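According to TrEMBL, the protein carries these features:
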type	residues	note
SIGNAL	1-24	signal peptide
DOMAIN	52-179	domain 'Ig-like'
DOMAIN	187-282	domain 'Link'
DISULFID	Cys233-Cys254	disulfide bond
DOMAIN	287-378	domain 'Link'
DISULFID	Cys307-Cys376	disulfide bond
DISULFID	Cys332-Cys353	disulfide bond
Amino acid sequence: MLSLLRPLLAAGLHLLLLPPGGLCSFLRYNNGFHYQDINNGNGNGEIYFNGVRLHVESPEPSVSATRGSSVTLPCHFHYEPELTSPRRTRVKWSWLPATAAAATAPAPAPVPHQRFARETEVMVAMGNRHRSYGNFRGRVRLRRSAPGDMSLVINELQLNDTGRYRCEVIDGLEDESVTVELELRGVVFPYFSKEGRYRFNFFGAQEACQDQDATLATFEQLFTAWEEGLDWCNAGWLADGTVQYPITVPRDGCGGEDLAPGLRSYGPRHRHHHHYDAFCFSASIKGSVYFLKHPTKLNFTEALRACESDGSQIAKVGQMHAAWRLMGLDRCDAGWLADGSVRYPITKARANCGPPEPGVRNFGFPPLHLKFGVYCYR
Ligand SMILES: *[C@@H]1O[C@H](CO)[C@@H](O)[C@H](O)[C@H]1NC(C)=O
Ligand SMILES: *[C@@H]1O[C@H](CO)[C@@H](O)[C@H](O)[C@H]1NC(C)=O
């Protein structure tokens, strides 16, 4: 499709990538062929009356990866029929972070040039030149394993790299794009403050998850966790600024018995003034979490030191959940964690190790002088 959007898109690209005159071309009409003002050509003297179409495709609409690894988001383009003379193509990868996936205000009526409004640039490339942006700088490249291969390779995946990536090919005449979802394999866990229930505003919740080597969960991540059986009757912040909770067994006090199982949503809440718990998302960790062998039980300060003496650090709650969920950590001994909580991970439920389902058991935040074991991370 020869898109009406092209001039607007072009305006959003960096000037170094613009052909002269690229800003002021509008399509006259579109009857299946591609007409364009000759003044607006690519400089090769090509006459723009042909049935050549640019196709941009991805064989995988969604890709799942692990934190810290590399991932390839596939994207290829070709022309049909093949071009007789090459066109200069530019490629732009942009990104709608999963954290922005649900608008906190009702979306405005879809106006074409707002289509990509909240996407941010990841990389732009033309010929051998390319440029990457923001947090992606130095971590991304194009695969270019074959002509037309514009697949994006992202290294050292971070928790907050999830979202919808758009591969857009622009050749001075046409622009076409395709999107690829990136998901990370991981685990969602509810988190509340030492101070008690419902103490975090949005920013406090963000920070609390980060402190536990996690990030606020997205709606999709919480939804997946609910599908996998998470049931939690306390409302928590999500990355998009909404407040929700997952219910698999409807009951009073959790939205009521009559409401179908699902995510109960309070919708967007005031990020400064409203207070809830948090849903954090943690993904695979590089190191491992282990229960420290120690002759005696420890108070919290002793626990911190004991991990240090063992050449490691006291484990964070996100690390504990990742180890439980992704590495099968199973231990029926309560131990201190970095936030001053006491927990233990059970993958095979059994007598005297808590409820009949697997899970990370949580004793909350006991007084710091009480004695338990400790989980360390190395
Ligand atoms: C994503 O996470 C990285 C590493 O934790 C951090 O440096 C970066 O600021 C985060 N980016 C956003 C948009 O939150
Ligand atoms: C833990 O025990 C040590 C003595 O081994 C003591 O000095 C420390 O104050 C105790 N910490 C807490 C939080 O009670």
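Every residue gets a Cβ built from N, Cα and C, even glycine.
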Counted with DSSP (H/G/I as helix, E/B as strand, rest coil), the domain 'Link' (187-282) has 19 helix, 32 strand, 45 coil
Considering the disulfide-bonded residues Cys233, Cys254, Cys307, Cys353, Cys376, which residue's Cβ sits among the greatest number of other Cβ atoms within 10 Å?
-> Cys376
What are the non-local neighbours of Cys332 (disulfide bond), defined as same-chain residues 6+ apart in sequence with CB under 8 A from its CB?
-> Tyr344, Ile346, Arg350, Asn352, Cys353
Any idea what the Cα distance is from Cys254 (disulfide bond) over to Cys376 (disulfide bond), rounded to a whole Å?
-> 35
Work out how many Å separate Cys376 (disulfide bond) and Cys233 (disulfide bond) at their Cα atoms, rounded off.
-> 30
DSSP says Cys307 (disulfide bond), in three-state terms, is helix
Distance between Cys307 (disulfide bond) and Cys233 (disulfide bond) at the Cα atoms, whole Å?
-> 34
